[in-house]
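Chemist: Structure below; questions to follow.
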Amino acid sequence: MHIRNVYRDGIDFTQLSTAYLPLRKYLIETSKSHKTIDFKDQAAQRCLTEALLHRDFNLKIRLLPDRLCPPVPNRLNYVLWLQDIISASRYVEEHDSKSIVHGIDVGTGASAIFPLLACTLEKSWKFMVSEIDPYSFENASHNISANKLDDRIQIVRSNATSPILLPLYIDEDRRFDFSMCNPPFYSSLQDVTQSAEAKENGPNAVCTGAEVEMITSGGESAFVGKMVIESLSIRERCRWYTSMLGKLSSAAEVIDILKSNSIDNYILTEFVQGQTRRWAVGWSYTDIRLPDSISRILNSNPTIAKYLPAHNTIQQPVLSVSRKSLYETVSSVLSSISHIQFYDDPHGRDTSDMEIDTEPRAGVGFLVFAQEDTWSRSARRRQKRLLGDSARPNLNLVSSVLAASAERVPSSRFACSIHIKESLVKKGAFVPAGNTVTKPNSPAVPTTQSFTVEFTWRQGRDRRLFDSFCSHVSGKVQ
Ligand SMILES: C[S@@+](CC[C@H](N)C(=O)[O-])C[C@H]1O[C@@H](n2cnc3c(N)ncnc32)[C@H](O)[C@@H]1O
């Protein structure tokens, strides 16, 4: 489950029923200290979703007995991933944190759960959502109004002949930061039955979905594939197109469609909640690149690994006497590269564990911008030829004071962040041969510690530039 998901440690049903009394009647005692609900009871499931949205998000929601009942932990996982995408997409931009984020939810369902959750978590987000089913459309409109979000969530009626990405066709001057979707999964009724039978002990929870919610011609991969084809002409007007998928095989099919249309800037993640696993793909025509923590499934197995996009994060282990000294070494390597600009990374954090230390600190990383390759051997030879023997001025060291000013290059062709992280190995535990002096009475020689220099590609279209930049800097730092 996502690191910020409030349901990571499970749900205490007894506590929840105290906060939301209607849940009481559905509680079942499994042991003296443990209560749950019957997930095969539709009414109990709806009550659980209402209870979680009420207690944890202050949302009032009306769910229909004959429409899907959205499980909150899974829907929240998707919204949290989008939050990550938005904040990483703005990494290299000067932006006002309050500036509005525009999202699309394709097929918002009877609950409208995605825009309701997202607008509760993010006060600066606005949505245009679509729905094809009149019954769900009406209930979604009710839920949006009941939560006084009409000014932030606009709902549009779709139909069988409309484009799937309808909100992007309504006003062609409008730009969006992302689109999201939980498409109908199955290709036919037979597909639904087969899938239920395939689960050994029957499905874990009862499915209350109507045909329009669950079935689409060609199944979910065809639905999202159509979205990919539509996006080919919309391109950067939406920064990130994303969709959830119920089967890994569908994710593989969508990735094939992306690749066959030369879309290399794509991402793949998974949402795990209890025994249920879902996947989500995303793609972009912009030059924004997302870190591996968002763009790839970490610790994936070989079946999944072959679908993952190329790495945008590269980690280089380095030994140094201290963080400060390593920081200075990296800084001097960067100073020696002509025609790049680098700054103290304003987002720099002291540790790889964002939960523990969320305060940005100076001295832990850099943000580097370049217009072209000036570091590779061939680029340096080319420069030398052009300049003859005249010495190059060193243009590069721009302090963090400048970083705060408007002198930042706004749309460089290439951007990379470099973070210096303490290795997980405890201080002093890693003592490589030859680096310490242990003889008694000899002057103390500083012990080296192990660090990781982490490069993250943030912007650009040419992967070779990122690879060659990382190998140049890490080669010099070592
Ligand atoms: C699996 S449900 C997801 C509902 C909700 N977003 C959720 O996650 O709980 C799929 C939804 O997409 C709607 N839908 C199907 N085809 C659509 C289309 N072409 N345009 C808009 N909505 C569509 C269905 O009516 C249904 O409400």
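Cβ coordinates are placed from backbone N, Cα and C, and glycine is handled just like the others.
So TrEMBL lists the following for this protein:
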- ARG75, GLY107, GLU131, ASN182: S-adenosyl-L-methionine binding site (BINDING)
Chemist: Checking the spread of the S-adenosyl-L-methionine site as listed (ARG75, GLY107, GLU131, ASN182): what is the longest Cα-Cα distance, in whole Å?
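Modeler: Value for the max Cα separation, rounded to a whole number: 17 Å.
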Chemist: Tell me the coarse DSSP state (helix, strand, coil) of ARG75 (S-adenosyl-L-methionine binding site).
Modeler: helix
Chemist: State the three-class DSSP label for GLU131 (S-adenosyl-L-methionine binding site), counting H, G and I as helix, E and B as strand, and everything else as coil.
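Modeler: Looking at the DSSP assignment, GLU131 (S-adenosyl-L-methionine binding site) belongs to a strand.
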Chemist: Taking the Cβ of GLU131 (S-adenosyl-L-methionine binding site) as the centre, how many other Cβ atoms fall within a 10 Å radius?
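Modeler: For GLU131 (S-adenosyl-L-methionine binding site), the count of other Cβ atoms within 10 Å is 25.
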Chemist: For ASN182 (S-adenosyl-L-methionine binding site), just count the other CB atoms lying within 10 A of its CB, please.
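Modeler: If we count other Cβ atoms within 10 Å of ASN182 (S-adenosyl-L-methionine binding site), we arrive at 25.
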Chemist: As a test of the contact definition, list every same-chain residue at least 6 positions from ARG75 (S-adenosyl-L-methionine binding site) whose Cβ is closer than 8 Å to its Cβ.
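Modeler: Expected: ILE113, PHE114, LEU117, ASN182.
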Chemist: In sequence order, which residues at least six apart in the same chain have a CB under 8 Å from the CB of GLY107 (S-adenosyl-L-methionine binding site)?
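Modeler: Result: SER130, GLU131, ILE132, CYS181, ASN182, PRO183, PRO184, GLU213.
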Chemist: Secondary structure at ASN182 (S-adenosyl-L-methionine binding site) (DSSP, helix/strand/coil)?
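Modeler: Going by the DSSP assignment, ASN182 (S-adenosyl-L-methionine binding site) belongs to neither helix nor strand, so it counts as coil.
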Chemist: Neighbours of the S-adenosyl-L-methionine site ARG75, GLY107, GLU131, ASN182: Cβ within 8 Å of the Cβ centroid, same chain, sequence order.
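Modeler: Counting only non-site residues, the set is PRO70, ASP105, VAL106, THR108, GLY109, SER111, ILE113, PHE114, CYS181.
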